[in-house]
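**Q** According to Swiss-Prot, the ATP binding site annotation covers Gly105, Gln106, Thr107, Gly108, Thr109, Gly110, Lys111, Thr112. Annotation source Swiss-Prot lists coiled coil at 365-480, citing sequence analysis. Marked as domain 'Kinesin motor' by Swiss-Prot: 18-359. Residues or ranges marked as phosphothreonine by Swiss-Prot on the basis of experimental evidence: Thr937. Summarising the annotation, Swiss-Prot assigns phosphoserine to Ser1046.
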Amino acid sequence: MSSQNSFMASKKEDKGKNIQVVVRCRPFNQLERKASSHSVLECDSQRKEVYVRTGEVNDKLGKKTYTFDMVFGPAAKQIEVYRSVVCPILDEVIMGYNCTIFAYGQTGTGKTFTMEGERSSDEEFTWEQDPLAGIIPRTLHQIFEKLSENGTEFSVKVSLLEIYNEELFDLLSPSPDVGERLQMFDDPRNKRGVIIKGLEEISVHNKDEVYHILERGAARRKTASTLMNAYSSRSHSVFSVTIHMKETTVDGEELVKIGKLNLVDLAGSENIGRSGAVDKRAREAGNINQSLLTLGRVITALVERTPHIPYRESKLTRILQDSLGGRTKTSIIATVSPASINLEETVSTLDYANRAKSIMNKPEVNQKLTKKALIKEYTEEIERLKRELAAAREKNGVYLSSENYEQLQGKVLSQEEMITEYTEKITAMEEELKSISELFADNKKELEECTTILQCKEKELEETQNHLQESKEQLAQESFVVSAFETTEKKLHGTANKLLSTVRETTRDVSGLHEKLDRKKAVDQHNFQVHENFAEQMDRRFSVIQRTVDDYSVKQQGMLDFYTNSIDDLLGASSSRLSATASAVAKSFASVQETVTKQVSHSVEEILKQETLSSQAKGDLQQLMAAHRTGLEEALRSDLLPVVTAVLDLNSHLSHCLQNFLIVADKIDSHKEDMNSFFTEHSRSLHKLRLDSSSALSSIQSEYESLKEDIATAQSMHSEGVNNLISSLQNQLNLLGMETQQQFSGFLSKGGKLQKSVGSLQQDLDLVSSEAIECISSHHKKLAEQSQDVAVEIRQLAGSNMSTLEESSKQCEKLTSSINTISQESQQWCESAGQKIDSVLEEQVCYLHSSKKHLQNLHKGVEDSCGSSVVEITDRVNAQRQAEEKALTSLVEQVRDDQEMVGEQRLELQEQVQSGLNKVHSYLKEELRNDVPTGTTPQRRDYAYPSLLVKTKPRDVLLEQFRQQQQEYLESISSVISEAVEPPVEQDSLEDEPPVAVNDSVISERSCIDLSMTCQEKGGIRFFQQKKALRKEKENRGNTTLLERSKIMDEVDQALTKSKLPLRMQN
């Protein structure tokens, strides 16, 4: 019953379980605060993650994240750690499991504090209520509490082991000498367990005894002060608690359940340089680091599943062997420091703990002992101890040294193991002998039954052999016929293989042709796409050019209209101003002549009045007046007539200038008409070019569509040819090759035509574009020359007008000087006449004075009228000259601006035409793709294949050949029989020899019944060997006939049935 319970419990735990890893971070201590160290560790208890900042303080990217089963931050209390980690494990210990909890980490990170804790200064706290108490006191308190509440009978034993400098010491030893070293042996009952010889296990009955034991062990444990920890543990300690619990089954059987809990407080790893350890302390630190390094290598080997795990390299790892990868439930508490000065050790501890998570243990419940077995074990132990005690008291026993005693104990253990092994082998062999004896008896009974059956079957066999002989003859005949058919089938198979190879070759050639068609199709599709894109681009470009030319035509028309209007306005203004100037001059001349005539007549009248005064004076006066009149007329004729003539000449010259301006306007109109005709013709040529390119591209597209339809037709015809190829082989192959070749030649010719049409389109586009460029350039040059000529003529006319105006000014000045001269001469004549009249007639002095005044007034009026006329004429001529200069200057500037604009338009048209040409060249040279020969298209060839099929001879002819072969080989039958049949041998020799093997050349084709019977009689020939022999016989069928081989097989069977094989051979 106990074995059943243990089996069921262990079956539930067959599946491995990972080691539980817990991380606890302590707060900052005084040393770290003095060093101004910052925190590099963040603990997230909810997400069970630890974040380590490996970079600078502000570096957010330099973080490493670790995930564990539980995470406790600096603020975590002792009771929280105990309830989360130890309470579930304690329940499993009470269930009968072996469990281990050990603390791992750097020195000074709180391992001993976590495992043992401290006593508060306030004595009112008990161990279980003390907030600073560790795992060990709380565990023991809860063990007694739980077992007492359940009313279970139990016993608790504790032991405290110290590992110092790779030596074992018992901290609970009753002897005052703590330096006694303990020895460790492998446990023969548990392959992964160890036995510590001389380790004291103390039975405790209540929690108070446990506390005294803890205090005694803590006092004996080796500690020392270093620079990093004032109370640094210099050794590893293993506190073991073994619980024996009594339970009663349903049947009333009393069982003892055993649970064991190992609480391990490891010494911390330390940096000797930082801890200040020297001499003895340095050796201690080296041994501690060595054992912890071995523990790390064991963890790494378990994680990586290496074949060798170095448990024996350290006493610590050897003790923890069952806890790491064994049948124990294990939990690791990794203690770390949050300070930046301990970053390297913290990262190392977290890496070890992270690797330890992957270790798989297979926990098993300890086997429960019955009360009788436990009492027996205790009784034997008591008797052994009594004997040892009596021998020690009486001193009549054997006393040995410890080394000899250990050697003797080792030999005894090894001999016990060998005895156990041999005992197990003897038991197994006895069981095997028993089974063999039973099998022998069964076989003997079966043999007797088989003998009886055999006698009955022999009679049936004799009857069956007669039928079998007849069947064999028929089978031999059928086999011969079948062999003939097989030969024919092989020949037909060879012929079919040749035909299939021919079909494979043709299929490869057809695949090459398909690839050629696909390449052609891909090239044509690419060219068609490029062709459509090119047509759209050319359409857009020519539309842009046409719109640009139309805009430029409109601009040129407006420019020429502006030139015409400007020149017309200038001519009208000049004509009106010249007419006004001529009328003003004529009016001035008429007013002067009228004034002079009036004054002269008035003077004559006045002089005639005085004629009576003195005839002589009258005569003299008349002479003087006549002389003065004649002189005045001559002066007017000689001085004023040339001026009037010059003004008239100036008027005619201005009208000639107007005619020249009209001629220039006519030239500008003709130039305008030339420009209109040029742009109209250029638009027509561009439109024609567009229509030609569209028609050419449409023809190319239609040719491409037809070519595409031809390719589709060729593909359909090709597939039909391939289908016909399978049925009619070579003839259809030749026909298909010829048709495919013709279609390819047709495709090539069409492709050549398409290429020629594209080439002609390219030439037409080049020709039309070059003509358009030349036409534009010639018209541009012509327009520039004509504009230059117009500008030169306008400048010449402006120069001639300027000279005319200057001449007019000179004539006006000359007229003014002539009038001044006449007035001076008149004044001189009047003075002389006055002197003569004064001398002649004093009485006419008053009259002369009045005449003098009158003449002076006349002179002054003539001067005023002439001066105002001259000023008016001069102002009008200057205004006319300035207006004409301004108009001509603006016209010249406008002509220059228009010339620059025409140059820009010419450059823009040239760029557009050049870009169109570049697009055409790139389309014809780069975008159009040619079918590049790959060299993989199959060539035309002839295919060799068999044309005749083998036919099997008729059945009658085959049977006649079979009978002839039987007659030919009858002589060789007797020799074969004599070699095959051997004399009987002795039974002893048969027992020594291996099983008989039949010669492969003797075995013939037999029925399934014969094969099974032969295998039974021979007793060692495997079925596949006979199949192999039969295969060989089929290959060498031409050497011996089937009938003779069947007879030989019968002889061999008879010889084999007569042999007396032992029973072992038959079985």
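Cβ from N, Cα, C; glycine included.
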**Q** Express the distance between the Cα positions of Gly105 (ATP binding site) and Thr937 (phosphothreonine) as a whole number of Å.
**A** 77
**Q** How big is the gap, in Å, between the Cα of Lys111 (ATP binding site) and that of Thr937 (phosphothreonine), rounded to a whole number?
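**A** With distance taken Cα to Cα, Thr937 (phosphothreonine) is 83 Å from Lys111 (ATP binding site).
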**Q** Rounded to a whole number, how many Å is the Cα of Gly108 (ATP binding site) away from the Cα of Thr937 (phosphothreonine)?
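**A** Just about 84 Å between their Cα atoms.
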**Q** If you draw a 10 Å sphere around the Cβ of Thr107 (ATP binding site), how many other Cβ atoms fall inside it, taking every protein chain shown into account?
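**A** Around the Cβ of Thr107 (ATP binding site), 23 other Cβ atoms lie within 10 Å.
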**Q** Distance check, please: Cα of Thr107 (ATP binding site) against Cα of Thr937 (phosphothreonine), rounded to an integer number of angstrom.
**A** 82
**Q** Relative to the Cα of Thr937 (phosphothreonine), which of the binding-site residues Gln106, Thr109, Gly110, Thr112 has the closest Cα?
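**A** Result for Thr937 (phosphothreonine): the nearest of the binding-site residues is Gln106.
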**Q** Taking only the residues in the coiled coil (365-480), give me the average pLDDT of this model.
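**A** Over the coiled coil (365-480), the predicted model scores a mean pLDDT of 83.
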**Q** Out of these recorded positions, Gln106, Thr109, Thr112, Thr937, which one has the fewest other C-beta atoms within 10 Å of its own C-beta?
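**A** The recorded positions Gln106, Thr109, Thr112, Thr937 were compared, and Thr937 has the fewest Cβ atoms within 10 Å.
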**Q** Taking the Cβ of Gly108 (ATP binding site) as the centre, how many other Cβ atoms fall within a 10 Å radius?
**A** 26
**Q** For Gly110 (ATP binding site), which residues of its chain lie six or more apart in sequence with Cβ-Cβ distance below 8 Å?
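**A** The list for Gly110 (ATP binding site) reads Arg24, Arg26, Thr335, given in order along the sequence.
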**Q** Fewest other CB within 10 angstroms, which one of the binding-site residues Gly105, Lys111?
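**A** Per-residue Cβ counts within 10 Å for the binding-site residues Gly105, Lys111 bottom out at Lys111.
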